[in-house]
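**Student:** OK, TrEMBL features for this one:
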DOMAIN    39-93  domain 'PAS'
DOMAIN    149-220  domain 'PAS'
DOMAIN    223-273  domain 'PAC'
DOMAIN    274-345  domain 'PAS'
DOMAIN    348-400  domain 'PAC'
DOMAIN    524-715  domain 'HD-GYP'
REGION    1-20  region 'Disordered'
Amino acid sequence: MVVKKGTKSSAKSAKGTKKRSSKSVELSQIIARNSIDGIAMAQEGRIIYVNEAYCKIFGYQEDELIGESMFKVVALEDVELISSRAQRRFAGESVLNRYVFKGLTRDGEKLLIEISSSECFLYNSKPTILSIFRDVTDNERIDRMIKESEEKFRMLAEQSPNMIFINKGGKVVYANRSCEEQMGYTRDEFYAPDFNFLTLIASEDQDKVLAAYAKHQQGAEIEKYEYDLVKKDGSRMTATISTKLIDYNGGKAILGIVTDITERKHAEEALRESRELYKSLVAASPDAVAMIDLEANLLYVSDKALELFGYSSQEEVLGKNALGFFDPGDYPKVMENLKKAREDGKTLRIEYTLIKRNGASFIGELSASVIKDNHGKPRAFIAIIRDITEQKSMQEAIRESERNYRTLVDNALIGVYKTNFNGEYLYANDAMAKIFEFRDAADMLKNNVITHYKEPLQRKAFLENIKSAGMVRDYELELVTSFGKNKSVLVSATVEGDILSGMMMDITERKLVEEQLLENVLKLQKLMESTIYAIARIVETRDPYTSGHQQRVADLVFALSKEMALSESQRLGLHLAAIIHDIGKISVPSEILTRPSRLSETEFALIKTHPEVGFDILRPIEFPWPVAEIVLQHHERLDGSGYPRGLRKNDILLEAKILAVADVVEAMSSHRPYRPSRGLAVTLKEISDNANILYDPEVVEVCLRLFDQGKFQFN
């Protein structure tokens, strides 16, 4: 059908078009009113229309904007940008229709505005541009904060001692510097597309890690866990890992923090082994062993202790106060000595009257030592108890000697003195004179302090310290008395001008005791070594004439093994063996050990059983070194003339060869009641003449060198 102009059909069509146009305008107005973006129209540089969102963005009312310059809401620095693009757009040129400029609110605040402009069109017969405005200030701020946050994260991550990584889709997308340093890979290697992160994980732990990874991907939280890593060089590391699911570059990823705990695991294992060794040693001890807390409540008793006191199980005694096992008359002494052991940290060996379960009493020798924690604070006491009723007379003499010594120590006064930097005494009290073995203070003032120093450098170092700090406190010096005797002293002094004023305490005897108690093993082995030392001291108390022999032998053994460059582990094992190498003498009657005359063949044959007895005592203990075998072989000789097995040359352990030389040197150079000391020169000639016959030639050579060069001397 053809519709001609002016017909009813064409009129009806025009009316419909007008109606649709009206609806379209109405719809546009609804959209503009409800838009969250600002909408504006401009003609000839003037605003002719704005919506509510536009007014809200810039802080104006509608009537404040209509007819105003379109640059009213543009920051001065961007007016040229907007003007240039608007002119080009009005001119019909093609211009970028979306960009960001700095807007200006009514209050003068600058905003970042994203503008999208239409092409120029005619509205009411005039060129018109319609633009949409969006405030993106917060978006920019958020982007900046995200970038700053990422920078902070990277800075912290790079400085962290822990390994920090991000794993996305099974690939390493970030690894910090610690990852490179600890694992041995470069970041380029980590980030390589073909790098498989599972190569970093020990095979036995891969399933564990993959399971955790899968749970993370499902949104589950994973607790920190342990696993083993394999470094690039093939070595292993035990570590803990904490992980978290994060959003990273538009996807999910795993953020992991890995901490190396290899050393901690080694320490825990060493502690466990130390405890096991301690338990084995206590179980094998022929003496009663007990542990009490600082209030004297029983924490542990050995089977030997139960037997000694007549009990059948630990449950009968644990938790009881240890004072209940002492004669009431000894209570004050017990408490006093526990306090002293706690304060001084010394091992105390005291006799007490002890009470058995059936009420019977006996004289017991109790050696008590304080056990300290890693911070040096007392935690408990360990006591070794022996029934010495039958040896009362001998022990009484020893106790009397100890009382005399304590009286001497208790009555000693601290030395007080004044000198100048030239070493001239200006004042000294009698206690000072006593320390250096002068008749009196007046006699001491005639001498110079420099004469008491072994080495001039020691005096120089002392003066440098006190000059720089103005004082010294508890400064330890090794000095010489007027009779040439070595003295260890502690000095606390101040300086004023060129005058030194100080106090001096003689700690020679104290140092001897401390050296006997010195623990030369790792702190995790303190309990084991303390028990070994205690056993060694108890063995030696049965033979007062050789007291200190084992310790002196151990000192020489330590020097020999160090000079021979034995490993630290070998030195430790050998030193412990030396400390208790005569433990087998515990089976020899006291009257034989203490006889001040030569022994019969039968008696000496009994003495010769002590290596085997010591071996039997130590064999059940699972030492990490051949301690029992060293003790068994320390009287063997290269030519097979030794005992008990008559071993020869390479059949004898190196450690036993070292112990044999040290044992002979100490014994020959020490005084015995049945013979005088043969002197060090004769002793060294003995081992030199018999090198490669009785004694290992390398050990002999090192021993001679130590003494010839003054690297070792017996205390």
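If you go along the chain as it appears here, the first residue is 1 and each next one adds 1.
Just so you know, glycine gets a Cβ as well, placed from its N, Cα and C.
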**Student:** Under a Cβ pair cut-off of under 8 Å, which of the recorded stretches 39-93, 348-400, 524-715 contacts the domain 'PAC' (223-273) most often?
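**Tutor:** Selected stretch: 524-715, with the most Cβ pairs under 8 Å.
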**Student:** Return the average pLDDT for the domain 'PAS' (149-220) as a whole number.
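**Tutor:** On average, pLDDT over the domain 'PAS' (149-220) sits at 86.
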**Student:** Run through the domain 'PAS' (39-93) and tell me, per DSSP, how many residues are helix, strand and coil.
**Tutor:** 29 helix, 12 strand, 14 coil
